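*Asks:* If you look up TrEMBL, you'll see 598-613, 639-656 marked as compositional bias 'Basic and acidic residues'. Per TrEMBL, the feature region 'Disordered' maps to 592-693. Residues annotated as transmembrane segment in TrEMBL: 6-29, 41-60, 126-145, 165-184, 196-220, 395-412, 441-462, 541-558.
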Amino acid sequence: MSVRSIIAMSGTALAVVVVVVFLLALYLLHRYGDLRKQQRMVLLGTLLSWYLCFLIVFILPLDVSTTIYKQCLLDNAHHPTPVPRASHPNQTDDNVSVYPNVSKTNRCEEPWSFIPDGVLPVFWRVVYWTSQFLTWLLLPFMQSYARAGAFSRVGKMKTALIENAIYYGTYLLIFISLLIYVAAHPKWKLSWGQLQTIGITAANTWGLFLLVLLLGYGLVEIPRSYWRSSSQSYLLAKTYFKAAKMANEKVEAEENLADVMEDVAGIHESVRYNHSLRKCVDTILTKCPADYREEMERRAESSGGEKNVLPTKRSLINLHKKVITAVQRHNQTQVQWSILLDEAFHLEDVAKSQSSSVRYFVHSLPSTHHQGWIHRFLYSPTVEWYWECVFRQSFYRLLAVVLCLLSAAVVWSECTFFSTHPVLSLFAVFVHLAEKQHNYICIEMVCFVSILFLCVCVYSTVFRIRFFNYYYLVPHHQTDAYSLQFSGMLFCRLTPPLCLNFLGLIHMDSAISHQDRIQTSYTSIMGSMSVLYFISDGFYIYYPMLVLLLCFATYYSLGSRCLNLLGFHQYITDNDMTSDLVDEGKELIRRERRKRQKAEDGENRRSAWRERYGVQGANGRTRAGYTEFNENQSSPVTEIKKSVKTRRDGEMEEQQRSLLQDNSSDEDSASRRSTGGRYLSLSPSRSGIFDDV
């Protein structure tokens with residue numbers, strides 16, 4: 001294979017990885033963020049941080065295979081493999097020793113993904129320092145900027161700088177302390193390279209501290225979650241539990257929003273249109289829901305607003321911040337509640353289908369499943385029945401066993417990777433065996449699968465953790481700007497120490513393994529850890545062993561039990577409070593199912609009536625449509641006509657039109673049905689289409 005073709009293949013591999021990783025980051029941002037409504041700078045910062053972190057994970061296996069190939073060339077240059085000359089027929093055995101041995105120079109084959117010299121060092125420097133700039137400087141500033149309640153860009157920037165002054169000052173103090181420590185050491189001489197190493201070591205130490213905590217949770221929880229997900233009864237009980245908790249959160253969010261809107265209404269009434277602060281009030285009103293704005297307008301017209309105290313600019317800024325938070329939280333709970341209901345209905349349908357003799361999956365509420373024709377063709381009701389009732393349980397359990405074996409390999413390697421003679425780390429054993437065979441594809445696959453599993457354990461924990469609604473990643477475009485940027489900060493801080501930890505597991509980091517090998521381009525930009533030997537020889541080696549204790553704590557759910565004692569209810573199977581919440585959630589799901597079923601029946605009756613009497617009759621705007629109503633003497637419309645005989649004909653037509661266009665279900669509340677002072681007549685009609693009015 002020519003050099004030009006190899007370079008073309010390596011360039012193609014690198015380009016494909018770059019594009020695929022970008023699409024992955026963009027998909028995740030689309031799933032958790034709102035690309036149309038959120039600020040462009042927030043989306044750009046989050047996308048860039050996620051993209052750079054994922055890029056490090058996908059490019060590192062190519063760096064490892066390239067480094068192993070360079071090490072092979074170096075070993076052959078120092079210790080050439082002797083290959084005897086081929087003997088000729090007229091040559092005797094005595095003359096064989098006369099010909100010298102020839103070194104075999106083509107023993108090391110270039111990997112298909114070989115990256116030329118000089119490309120990876122520049123690539124890693126750009127990626128690493130850009131991610132560090134984002135996580136330590138730009139994203140914290142943008143977080144405060146997004147949550148600021150100021151009404152101008154200058155005001156938001158000022159608030160962000162003030163909030164981050166303590167944040168930046170703390171890191172500056174730590175850096176100055178390390179700088180003084182290095183300067184006071186008699187054997188060390190300060191240089192720009194050593195200053196970079198000190199900064200990188202400090203950042204990686206902080207990231208490794210958090211990495212082990214998240215990794216210890218993910219290594220146990222991910223295999224266990226798949227094993228438990230194979231049980232439909234467990235999933236249904238946990239969904240009931242989450243429904244009970246979500247109902248309480250939904251009520252709290254609605255009450256909080258109502259309280260904040262009450263404050264906004266008071267300010268809206270007190271600040272008149274000729275006041276200097278009126279522009280700020282209008283800005284706050286644009287963030288309020290439409291129904292609340294209409295109510296505020298009606299209240300403002302009926303009241304003069306002279307008795308209310310005029311607010312200050314600072315109070316309006318604080319109120320603006322409260323409005324943004326309350327509206328965002330309210331929207332999150334509404335979407336999560338709807339998604340949770342669909343999940344509970346689906347699991348109940350699965351439980352019914354398992355006990356049914358018909359191998360055909362039936363949805364009790366078909367209106368909640370609007371899929372495209374491709375999905376309906378490939379995932380037919382029969383295929384869905386076999387997957388949900390037959391294959392899903394076995395597949396999830398098999399996947400849980402595979403993930404459990406990977407977790408055991410990670411825990412064993414984390415506790416033994418410092419041993420190089422003999423090699424005890426399983427990942428190092430696999431890489432060394434593939435290195436002896438010069439199987440670069442196998443090396444890259446082992447590295448990719450290992451790093452991917454570590455990232456799944458760590459990143460999935462980042463997506464699951466929740467800090468009192470202060471940080472919470474919500475799917476279906478409901479994550480706020482603060483949480484998106486906070487996740488980007490965590491990714492940028494966790495990915496570099498995760499990659500260094502993996503290189504230590506496969507003995508490719510000489511600062512830990514103390515082997516005389518060529519360093520990867522990634523470790524070369526980290527500098528020599530000998531500047532801070534107590535970190536390279538102590539913390540980096542022995543602290544990852546703590547993952548074993550964290551795995552035991554996660555296995556026995558010690559964290560969940562502690563949170564449960566503190567009042568933060570967690571799903572624990574042997575807990576009385578959990579059983580009560582499961583029963584409460586089951587009753588809530590049953591009520592919501594009845595509401596949706598009534599709404600479904602009402603919609604079906606209206607559709608049947610439209611098909612029978614046509615579009616004009618459905619709109620209720622022609623005399624022929626009214627004739628159909630007059631024929632039915634017991635219908636509720638007839639009663640309404642008798643009660644409003646004194647009104648003008650236009651008012652009567654308008655009321656009949658509103659009745660026809662109203663939602664016929666009673667799913668909202670009893671108060672909605674009795675707004676007119678009494679319940680409407682429920683006597684059956686001849687056509688049977690107004691039974692639920």
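A Cβ is built for glycine as well, from the same backbone N, Cα and C atoms used for every other residue.
TrEMBL labels come from automatic prediction, so no person has curated them.
From a predicted model like this one, the values you see are computed outputs, not experimental measurements.
Each of these features: where is it, how hidden is it, and who are its neighbours?
*Replies:* Within the chain, the transmembrane segment (126-145) has long-range Cβ neighbours (under 8 A, six or more residues past its boundaries) at 41-42, 45, 48-49, 52-53, 55-56, 156-157, 159-161, 163-164, 167, 171, 203, 481-482, 485-486, 488-489, 492-493, 495-496, 525.
Panel annotation: around the transmembrane segment (395-412), residues 215, 219-220, 222-224, 226-227, 229-230, 424-427, 450, 453-454, 457, 547-548, 551 of the same chain, lying at least six beyond its termini, place a Cβ under 8 Å from a Cβ of the stretch.
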*Asks:* Please identify the stretch among 41-60, 441-462, 541-558 with the greatest number of Cβ pairs below 8 Å relative to the transmembrane segment (196-220).
*Replies:* 541-558
*Asks:* Count the residues of the compositional bias 'Basic and acidic residues' (598-613) that DSSP assigns to helix (H, G, I), to strand (E, B) and to coil, and report the three numbers in that order.
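*Replies:* Output for the compositional bias 'Basic and acidic residues' (598-613) reads 16 helix, 0 strand, 0 coil.
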